[in-house]
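Chemist: From TrEMBL, here are the annotated features:
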type	residues	note
DOMAIN	6-311	domain 'Acyltransferase 3'
TRANSMEM	12-30	transmembrane segment
TRANSMEM	36-57	transmembrane segment
TRANSMEM	69-87	transmembrane segment
TRANSMEM	107-124	transmembrane segment
TRANSMEM	131-146	transmembrane segment
TRANSMEM	152-172	transmembrane segment
TRANSMEM	184-203	transmembrane segment
TRANSMEM	223-248	transmembrane segment
TRANSMEM	260-279	transmembrane segment
TRANSMEM	299-322	transmembrane segment
Amino acid sequence: MLTRDAYFDNIKFILITLVVIGHLIMPLSLGQTVRAIVLTIYAFHMPLFIFISGYFSKNYKSKDYGKKIFTNLIIPYLIFETLYSLFDYLLINTNSIVFSYFTPYWIMWYLFSMIIWKLILPYVANLKKSIALLISFTFSILIGYAEDAGYYASISRTIAFFPFFLMGFYFKKEYLNYFRSRKYKISSVVIICLIFYLFYGYASTLKTEFLFHAVPYSVLEYSGIYGAIYRIISFIFAIILGMCVMIIVPKKQIPILSKLGRNTIYAYLLHGFIISYIYANSSSFYPYFDTDLKKFGLILIGCLIAIILSTDIVKLLFKWIIEPRFDFIKKKQMQ
């Protein structure tokens, strides 16, 4: 059994907390401060999450690699894509029930894209590292010009975010050893604050949706070369912020935090039900948060949701559906 790495558990819990906070405060992002927070979060949290997923995909040559894609990704994707469709129909009161397995429901794009990345990785890994990264970055920029590349098959995000998955795949933890000194940690905090200040200053003109990489440039009214320029800039911010966070996060085991970081898949798959319900009742929920103090309270609520959904109690309750066991496959293979 592999020993868990507390460092990555720490990062994963921080990231899943930012995911929940980002989704929860998004409807309030018309305000300058909240919008700057949202921009800062979305500039790096999913790229870094994907980077870490790539880092833990180095076992692509193992015999059970394909089986793990099926049991750990495909089955949970099909289950939760179905559950979210039923949830929308039964509790959110959508007009009709739609099972759109090739157009992932909101947060489910991540699992769908992960399946694609994992499936093509054995082929991409045969390429020279520099060539693979160059091709992936080129396509991630060009996909923004494809007018029909959008939510279907999560094609835009799958291609746009793939470079981060590859960078994680090629990454070695030892690279961080050079940046472990106090001066780099302080510098990283300063850089994050400066970028937040930059986003704060341009909050009214920057489009958060551009950081989603979900639709063509034209939909966001970026024409010609500007679409590519903005995407490149967004990648630069993602890399800088992601690196700063990786430098700041402690390597050692942190009580509670490291333990919660082991169960981030539960928080990811389950928080969507809570946020979707809040969105459906937004007219009675969000007006209450009309001051900066109350908005800060909403951020704390997001932290609380992430904490609760990452506990072992929630894991115990939902493990059967999120991490289903397939012992019967092993028994059949042994017969």
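Every residue gets a Cβ built from N, Cα and C, even glycine.
So that I understand the layout, could you describe where these features sit and how close they are to other parts?
Modeler: If you take every residue in the domain 'Acyltransferase 3' (6-311) and average the pLDDT, you get 95.
With a cut-off of 8 Å between Cβ atoms, the residues of this chain six or more beyond the transmembrane segment (12-30) that come close are 37-38, 41-42, 45-46, 48-49, 52, 107, 208, 245, 249, 257-258, 260-261, 264, 267-268, 271-272, 275, 278-279, 282, 286, 289, 295, 298-299, 301-303, 305-307, 309-310.
When Cβ-Cβ distances below 8 Å are used as the criterion, the transmembrane segment (36-57) is approached by residues 8, 11-12, 15, 18-19, 21-22, 25-26, 29, 110, 114, 117-118, 121, 161, 164-171, 192, 195-196, 199-200, 203, 206, 208, 211-212, 234-235, 237-239, 241-242, 245-246, 299 of the same chain, each at least six residues removed from its ends.
Long-range neighbours of the transmembrane segment (107-124) within the same chain, counting only residues 6 or more positions beyond its ends whose Cβ lies under 8 Å from a Cβ of the stretch, are 23, 46, 49-50, 53-54, 57, 60-61, 65, 69, 73-74, 76-77, 80-81, 84, 132, 136, 151, 153-154, 157-158, 161-162, 165-166, 169, 214, 268-269, 271-272.
Beyond the ends of the transmembrane segment (131-146), by six or more residues, the same chain brings 124-125, 155-156, 159-163, 166-167, 170, 213, 216-217, 227-228, 231-232, 235 to within a C-beta distance below 8 angstroms of the stretch.
Below 8 angstroms of C-beta separation, residues 46-48, 50-58, 102-104, 109, 112-113, 116-117, 121, 124-125, 129, 132-133, 136-137, 139-140, 143-144, 146, 212-216, 231, 235, 238 of the same chain, each at least six residues beyond the ends of the transmembrane segment (152-172), sit close to that stretch.
Nonlocal intrachain contacts for the transmembrane segment (299-322), taken as residues 6+ away from its ends with a CB within less than 8 angstroms of a stretch CB, comprise 13, 16-17, 19-21, 23-25, 37, 76, 79, 259-267, 269-271, 274.
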Chemist: Under 8 Å for C-beta pairs, could you tell me which stretch among 69-87, 184-203, 223-248 has the largest tally with the transmembrane segment (260-279)?
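Modeler: The stretch with the most close Cβ contacts to the transmembrane segment (260-279) is 69-87.
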